Amino acid sequence: MNKKIILLGSGELGKEFVIAAQRIGQTVIAVDSYENAPAMQVAHGFEVINMLDGAALDSIVAKHQPDFIVPEIEAIRTERFYDYEKQGITVVPSAKAANFTMNRKAIRDLAAKELGLRTANYRYATSADELQKAVAEVGMPCVVKPLMSSSGKGQSTIKTDEDISKAWNYAVEGSRGDVVEVIVEAFVNFHSEITLLTVTQNNDLPTLFCAPIGHRQERGDYQESWQPARISDAALFEAQDMAEKVTEALGGAGLFGVEFFLTDEGVYFSELSPRPHDTGMVTLANTQNFNEFELHLRAILSLPIAEITQEKNGASAVLLATENSANPTFSGIENIAGLPKTDFRLFGKPTSRPYRRMGVILTNDSLETPIEEITERAKEAAKLVTIHS
Ligand SMILES: Nc1ncnc2c1ncn2[C@@H]1O[C@H](COP(=O)(O)OP(=O)(O)OP(=O)(O)O)[C@@H](O)[C@H]1O
Ligand SMILES: [Mg+2]
């Protein structure tokens with residue numbers, strides 16, 4: 001079982017996936033738009049292409065003849081994936097999953113209309129005028145997001161009529177791809193949000209769930225995540241049921257990060273990644289028998305996963321750059337290295353820019369330790385590290 005894997009996207013999540021694959025002797029070609037990306041540093045080979053360019057994708061697939069194509073990001077010409085599947089290549093978790101989730105419209109209509117999952121009330125708009133109408137229909141406050149974007153790009157909240165044209169222009173600027181269209185969602189007044197890592201398996205083996213991960217978002221990116229999140233049994237069952245339905249509809253085997261909002265009125269499906277989730281980096285704190293990258297790999301390779309066990313409570317806190325630099329360096333690492341039950345990853349990104357995620361702090365403790373305490377330790381440790389240019 002030496003399989004050849006093309007990894008599309010070579011960031012920190014891809015890097016941990018490659019390390020997991022290396023540990024069991026698989027071959028990985030890491031792809032991204034720039035050289036020396038984190039996952040390339042640990043892969044067998046690499047390619048530098050624009051992954052939104054279908055012809056460039058075709059040429060590396062033809063060159064490497066992989067068994068698997070594993071997307072690590074959304075911004076890929078995913079329409080090509082259906083062809084690769086026809087050629088006998090396994091697209092992870094499936095061409096449909098990757099293609100549907102690169103556009104918010106496809107996944108939202110599947111979840112809300114086809115599967116009947118509870119989501120925020122929503123409309124679409126292709127112009128400032130349509131946005132005005134859509135806002136009138138869903139009501140204020142509401143959240144505007146480009147259909148094609150991630151990490152909060154182009155996303156804003158409308159509270160008054162004056163915000164509408166600003167929100168449209170901001171969304172157009174933050175849009176990727178050829179479509180300029182937005183989704184307008186009613187603002188969900190959630191008390192917390194979770195990621196439910198969900199693993200689908202081949203050969204009729206059951207879908208498995210990791211303990212729910214809580215997280216806090218700022219500027220569209222997560223700042224801290226913790227596992228397990230505090231959630232009632234009823235809400236957890238509701239979330240698991242929705243996650244099972246939506247992952248089944250998308251098909252294939254692999255790990256998905258399914259995002260939910262928890263409110264007093266129940267659980268809302270938000271969106272999902274058909275691949276390891278950034279908030280799931282908390283599993284690198286040895287919270288589980290297998291981390292999210294190992295689970296993704298095992299599911300892909302059809303290696304049966306008997307169970308996912310929670311071994312420890314854990315938290316992660318991100319290390320963000322503050323400046324543009326072609327030679328970023330860290331100071332204060334020795335301050336955190338000596339802390340008990342604390343670990344860290346530095347991603348090896350060759351350059352930095354403000355708010356770019358450069359590393360992560362990982363803390364853990366026993367299953368009896370309050371999760372807030374462990375999260376606070378991760379946050380405090382992150383403050384001891386500085387990233388310089
Ligand atoms: N309808 C909503 N009501 C309230 N908050 C929202 C709503 N939609 C999004 N948010 C907030 O914004 C965050 C980012 O939204 P979302 O996950 O849809 O965007 P994204 O750009 O795909 O982010 P990422 O790629 O980082 O997951 C959510 O985690 C949540 O905190
Ligand atoms: Mg999200």
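Including glycine, each Cβ sits where the backbone N, Cα and C put it.
Quantities reported herein were computed from a predicted structural model and do not represent experimental measurements.
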(request) Check TrEMBL for me: it has GLU12, LEU13, ASP278, LYS349, ARG356, ARG357 binding N(1)-(5-phospho-beta-D-ribosyl)glycinamide, so pick out which one of GLU72, GLU74, GLU218 it puts in that same site. (result) GLU72
(message) LYS145, SER150, SER151, GLY152, LYS153, GLY154, GLN155, GLU185, ALA186, PHE187, VAL188, GLU193 show up in TrEMBL as binding ATP; which entry in ARG104, ARG118, ARG230 does that record put in the same site?
(response) ARG104
(message) Helix, strand or coil for LEU13 (N(1)-(5-phospho-beta-D-ribosyl)glycinamide binding site)? Use DSSP.
(response) helix
(request) Measure the Cβ-based neighbour count of LYS349 (N(1)-(5-phospho-beta-D-ribosyl)glycinamide binding site), defined as the other Cβ atoms within 10 Å of its Cβ. (result) 21
(request) Go through the binding-site residues GLU12, LEU13, ASP278, LYS349, ARG356, ARG357 and pull out the ones with a Cβ less than 6 angstroms from some atom of ligand 1. (result) none
(request) Find the longest CA to CA distance in the recorded ATP-binding set ARG104, LYS145, SER150, SER151, GLY152, LYS153, GLY154, GLN155, GLU185, ALA186, PHE187, VAL188, GLU193; express it in Å as a whole number. (result) 21
(request) Please list, in sequence order, those binding-site residues from LEU13, GLU259, GLU271, ARG357 with the Cβ less than 6 Å from ligand 2. (result) GLU259, GLU271
(message) Let me check the 10 A CB neighbour count of ARG104 (ATP binding site). How many other CB atoms are there?
(response) 23
